[in-house]
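Enquirer: Okay, here's the structure, questions in a sec.
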Amino acid sequence: RSIGGLSFPTSWSPRGRRAGRAVLGSGAVCVGSCAKTVPCGPRTKVNVLSPGLIMGWLLGSAVNGKLLLLPGKFLLLPSKLPVLLSTSPQFFSLQMMKFAWDNYKLYALGKNELRPLTKNGHIGNMFGGLRGATVVDALDTLYIMELEEEFQEAKKWVEKSFDLNVNGEASLFEVNIRYVGGLLATYYLTGEEVFKSKALELGEKLLPAFNTPTGIPRGVINLGSGMSWSWGWASAGSSILAEFGTLHLEFLHLSELSGNPVFAEKVMNIRKVLNRVEKPQGLYPNFLSPVTGNWVQHHVSIGGLGDSFYEYLIKSWLMSDKKDSEAKKMYDDALEAIEKHLVKKSAGGLTYIAEWRGGVLDHKMGHLACFSGGMIALGAEHAGEERKQHYMDLAAEITSTCHESYAHTKLGPEAFRFDAGTEAMATRLSERYYILRPEVVESYMYMWRLTHDPKYRQWGWEVVKALEKHCRVEAGFSGIRDVYTTTPTHDNMQQSFFLAETLKYLYLLFCEDDVLSLDDWVFNTEAHPLPPDPKEPRAQQDKEPDYIGHGNC
């Protein structure tokens, strides 16, 4: 706690040792002898400082210009710290997380999102009266980054103020991926029972949505009465593929933790319905009737309305310890059909995934579809040798196309097109906005982990700088209305998924591979990490508190 008369923040504490190298504090900086600072590297033998100590300096904790003596006779001159930090991408993402959280806490704690321009909170009507979406979405990111004081603030809110006895219309999909997923992940990371109990209680409230003739859940549910219905904009009362197809990971964990098989039974029944219905050209349309079990429209998209259904097929297989062969076959068959009918190459040589409307192609990609580069790479790791390189190449090409859509301001539009000479650009004013979405950096993270091509870290650093330049405002981060102008208008919304996904993926991009290793964790579609073996939280499996690899950034 004190060296040479200098006091440290109480959040600073040594973590475990691994292979003779200090493993101490995520976002750490390396310190060489004779006060020479050196960049962190996977084989650099160094002493390190935790982000809690660094943040203490940045926020005003005095060091009086003295040399800081560390064990092992390493020295650090505090005056050199800003130089090092200015080139530390992982520290930038940590600092961005703290800035986003601190402003949310100051102006909007308990609301669902922060409005950073007007410095107030936003509730919205997506979560059925539930509050604190940003709290629950941010919990695991705060924990992973070792922002311990901030994590305790979030935990305290969940313990004291998170009320599940609400009455209002909620998106089954959003409540599941943000709230249930966030609570489950934080339980597995910490072993804290409060997160488990809240997840199970909330999961129970979602079950009435499955009370349909087919067992395909409706998209909207009143969390108080249990009544459910379809979205008013959904064709003929249909359910949405990406919504009912993105429940599997969380519901299997709910069954394991509760001992109640009903959650698993509900999602396995969805599989049965999908396997029974005929797929046009092997493709899965986006709209399915929960009454008849038949497709309502033949609109196919790997972006909005379809996206995470495909993601959860390959991830269900991985989470089953590669035993769920049905999920793997569904994924392989779907990807084969997508590649045959939807994957195209532009006149300029960019590979993209078009949308399909009853056999007619719409040559556009949504930002949401940019997750697919990472998904295809993840699946390629487990493909046969004859297909592995093919799919890795396809994943790299799609990720490169999404990077190209970021070319102007290093942030990308909601949708971009490939027609009439257009190459990965939004051609409509209504598609030019960016709402702090994570899908592009998600693919950068997966591609880095699976190839270690340095360009993905370079591209991620471009995004960090662009977020700081274009989206950071006085009291948080805001989406922008036009990515093609260097003086953007802000939308006054700090989305909860910015803290759950965008900043987490950027942070992990610059960490070593053993920080939330892809061998040990499966991310839900909101970037909440879940273990393949759900029986016991990791905090109880490992004696060391750095079980997820704290500090190897």
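Here the Cβ of each residue, glycine as well, is placed from N, Cα and C on the backbone.
Just so you know, TrEMBL annotations never went through curation; they're auto-generated.
Okay, so TrEMBL annotates it like this:
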ACT_SITE  GLU174  active site, proton donor
ACT_SITE  ASP307  active site
ACT_SITE  GLU414  active site, proton donor
ACT_SITE  GLU439  active site
BINDING   THR525  Ca(2+) binding site
DISULFID  CYS370-CYS402  disulfide bond
REGION    529-553  region 'Disordered'
Enquirer: Please determine which of the active-site residues listed here (ASP307, GLU414, GLU439) has the lowest count of neighbouring CB atoms within 10 Å.
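Expert: Across ASP307, GLU414, GLU439, these active-site residues, the one with fewest Cβ atoms within 10 Å is GLU414.
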Enquirer: What's the most sparsely packed of the disulfide-bonded residues CYS370, CYS402, counting other C-beta atoms within 10 A?
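Expert: Comparing Cβ neighbour counts within 10 Å for the disulfide-bonded residues CYS370, CYS402 gives CYS402.
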Enquirer: Rounded to an integer, what is the Cα-Cα distance in Å between CYS370 (disulfide bond) and ASP307 (active site)?
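Expert: Rounded to the nearest whole number, the Cα-Cα distance is 9 Å.
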Enquirer: Taking only the Cα atoms, work out how far ASP307 (active site) lies from the residue listed as 'Ca(2+) binding site', in Å, as a whole number.
Expert: 10
Enquirer: Out of GLU414, GLU439, THR525, point to the one nearest GLU174 (active site, proton donor) in space (Cα versus Cα); all of them are recorded positions in the record.
Expert: THR525
Enquirer: Distance between GLU414 (active site, proton donor) and CYS402 (disulfide bond) at the Cα atoms, whole Å?
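Expert: Cα-Cα distance, GLU414 (active site, proton donor) to CYS402 (disulfide bond): 11 Å.
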Enquirer: What are the sequence-distant neighbours of the residue listed as 'Ca(2+) binding site', meaning same chain, six or more residues apart, C-beta distance under 8 angstroms?
Expert: ILE177, GLY181, THR246, ASP307, SER308, GLU311, TYR312, PHE371
